[in-house]
Each structure stands twice: as structure tokens, then as C-alpha cells.
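Worksheet for the structure shown next.
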């Protein structure tokens, strides 16, 4: 019988599901395991600045390539550093495989006071316990004979449940051997099936059809979890079949072509543009796909979706939606009128070319910075809310960490997303991963704030080192503007240390001349107009930084409206602090 080291078995299974990049940090309890990466053709190792950044990066990788991201850390200090990012992946339903190199089995049995442990009688599994609530499955590879089946099981769970899983492997079993013949049987990644499940799905499809036939004004609402469950194409086919008006959430932007006659706009309750709520809320049937109803994705819980008229789709989108589409295509469907939304403008005076940039001008104009096939990643804060006023081209891929909202996520996530973009683009067009992809991006654009990027800025160095030509747009509003709006507008705790971003690229390893050419600072409309003409930003051959200067009290109107819903006292405090509570008006702009 031919055999293979358990460490190599892990990486061959990882490669089998389409992962090409492994991220993390080496540590003395995972080094031997990492050696086996280099035995598997097509795999590469990328070390990041720290484990937290690695956890964010593999999250971004997963979102673009629609396979799990894979992170490796070491016992205790490494795995705990990554835990915040893993919690975000659980919250946002991103597929991540976290492999932890543990102390040897004998060290654990003898409770050895080995470094990275805690106390005088250390339980080496205490860290395993710490992450228990932040994963959908785990495998503890103490029994080498059972280890292959456990590895296969958690990989399957990661994909089917769309969430993070852990593989805990002590240092010593990585070199022990298992049967190589096990690899001849491909991983079973198909959803669970049975006659009972099939009957239930068919009954559900029939009931949905009956509800649609009984309705007069049905609409469709699409949200970001369709992307996490890799079901965008199935949803698009259902939408085409139905022909109903479609609304998206803030994080659902880009799922449907903005030029589609069915797309009405972004529905965010109180933060909706004029005419959107009036078109959505009178509907007598809501078909809701992939909803993530967090405050930051629902206008501060102001969306109106009564359970009495809502059909909310959840798991197994990729198998149920085609079945539903087939069933509904045979029915005499209603043809509700497509709403006509009035043009609107944000209340602000015209902006001369020499005047400093303002939020009401900048974010709608950001539309012209974007281009088809962009992969856009936005950080929590003004970036996330500001992009609501941009119109996306088609196709694009748009990702944020809207619900968990850990500032700094987007910079490492953009690095991981760019690695995935390169891998996806290199595949032949006939490859299943390309055919299944919502979009095969050609450029990665990171939109972040001067506060957010400081938390994880090390990965700008990784972008340079690993030739990841990300275009970084930094909204420099001199601190934590979103926190200023919530409370303490002029308090020192909302200030940050100002960085000289003009020196950042050279500091992180870029040649001086290239670094100077790759940075631009924008303060006025005229300077922004010049940025929009730059071909090196359209087709970047290296990392670029566009630093956009904004006033610290100038914030997107949707963000201020949402925060203002907390009460009159909050709105008064915002105005006294210097914020202008703008609104969108249904009138033709300049």
C-alpha cells in the first residue's frame, strides 16, 4: 500500500477544492506542516504581517474565488491573534479553513510549561475552547488513522455551511503516514439529499408559486449572502424568469446589472434615495434572497419587511433556486409595473474646480473612477456609506464587512482578493470556477479611511512584495469621522496620528521613483478631475495610493441619517459638533 504523510494529505485536499494560496505566519509548532505545502504543485505560501491580517486576507480571497481561504497559525499566540478575523468570517458567512499547529501530543498529556502556554499546570487545549463559538466545525487530529476522514468532513462542512472551520494538528502527527489511495476518492461537496429533502423542496416551490399567483405587486430583494453562498448566477436566472422589480441592499450592490430594466435601486429604509421606499413598501409580496438584516445594512433597522408578506430564502440557494425557477417558468406569472424613480440630487451648492472636495460631490463622482470588472472592497465607516451614492458599472464584485464591522478589514482583504483575482483570471474560460463566478475581475480597488487603514497597514508591504497592483483610495478625514458623528465630535479620542502617505509606498519597499509616481493627493474638484484621466490608475502595474482629503465633519448623508435615528439628542449633538445633516431630494441636479 502506498502511503503519504498526513501533512501532505491535508495540502492535497486543500488544493483539490481550488485553493492555491495559503496565508499565515510560521511558528515552531507548524513548521514541519508548512514544509509539505511545497510538495503539492500549484500551492504557494504567503506570509502576512500578522495573524489578524492573514485572517482578513483569506476572507477576502474566499469572497473573490468562491473557495475557502486557508490560514495557518501556531499554538496559542497565533491562533488567538487570528480569532477576531475568524469571528468576522463567521458573522459574514465567509468560507475559511483555519489550520492550527499545536504542541505535540505528549506535551499536551504532560501539561508541559512550553512557551505560548498559560499557567503552571497548562491546559494546551484552552485556545481550542476559546474559538469554539466562532466556527461551524472542527477536526482534532490526534488519531492518525481517523484523521483523513476528519479532514474531509470539515472541508465539506466549510463549503456547505459557508463559514470558518478549524483543523487542529499537533506537531508530531504531521509526519506520520496514511494511505495515499484515500486521495483517489474525490471530496463529496454536494448538499445533503434524500427523498424527504426533495419532497420538501418541491412543496416549498409549489407554495411559493401559489403565493406569487395570488399577489398583484410582487418585488424581489437581493442581499449579500447570495455572494457568500455562491448563488448569484442562480438568483439572476430566477430574476430573469420572474421579470419582477428588483431592489438590492447596500451590500447587494453589483449583484444585478445596474442597467437592468428590472433594477429599481438600493432599498435601505430611511436611507433610501427618493422614490425607492415608495416603490418597495406597498408591495404585497416580498421575495427576499440572501438577506443580512444588520443595522448597517438596513438603514438602522428601518426597512419595512413584514413577515406576513415576506418569503425569506436561506440555505441551499444553489440547489433550490434552479428547482424553483423551473417550476415558476411554467406558471402564468403576474406582470407588475416597473417603478419609475425620479432623479435626485444631494442638497449642496455647486462645487467650483478650485474648492475643496465635499462628500455630496465626491461620492456620486466616484462612479467615474470605477470601471467594469472591478473588484471593490470598502472598509467600515464613511467609505461604506459613501459608496451608496456611486453607481456601479457592470459587472463588478463588491465586498464589505458590513455586519461585523471590524475596521481595518478591507486592506488585508483587498490583498487576499487580488491574489484570488490573479488566480481566477489565469484559469481557462471553460473552467468551472470561472463559469460560476459572479465576475472575473481585472482590477482591485480598495476604498478605506485614514483611521481604518492604520490598523492593518502592513499589508501594503505585502501588496508590493507579492506584486498585487491594488489601487488604494484613502479618504483622509483626519480621524474617526463615523465615531465623531456618533458621539464626541471634537474629543481627542476620535483623533488619530496623521501619517505621511506620500512616503508610505517607499517605506514599504517600493523603489523611490516608482513610489513618487504611484501616489497622488487630491484636495479639489480640479485635482479629482485629473485623477479620473490617469491611465495608470485604470490599468495599474503596481500598488497605487490616491489620498482624498475631506473635512472631518463632512460625512455621507446616509450615515448621518442612520445615526440620527437613535434620537433627537443624537441629531442635535451631530449638528452642534459641526456635521451638516443633508438629505437627498427628488429634483434634477446640475
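Cβ from N, Cα, C; glycine included.
According to TrEMBL, the feature Mg(2+) binding site maps to 450, 477, 479. For residue 450 (Mg(2+) binding site), applying a Cβ distance below 8 Å and a minimum sequence separation of six or more within one chain yields 474, 475, 476, 477, 478, 479, 496, 498, 499.
The domain 'Thiamine pyrophosphate enzyme N-terminal TPP-binding' annotation in TrEMBL covers 6-111. Assigned with DSSP, the residues of the domain 'Thiamine pyrophosphate enzyme N-terminal TPP-binding' (6-111) fall into helix, strand and coil as follows: 56 helix, 21 strand, 29 coil.
Per TrEMBL, the feature domain 'Thiamine pyrophosphate enzyme central' maps to 208-314.
According to TrEMBL, the feature domain 'Thiamine pyrophosphate enzyme TPP-binding' maps to 393-534.
All protein chains included, residue 479 (Mg(2+) binding site) registers 19 other Cβ atoms within 10 Å of its own Cβ. Sequence-ordered, the extra residues of this chain that approach the Mg(2+) site, with Cβ no more than 8 Å from the Cβ center of 450, 477, 479, are 449, 451, 475, 476, 478, 480, 481, 496, 550, 552.
Across all of the domain 'Thiamine pyrophosphate enzyme N-terminal TPP-binding' (6-111), the predicted model scores a mean pLDDT of 98.
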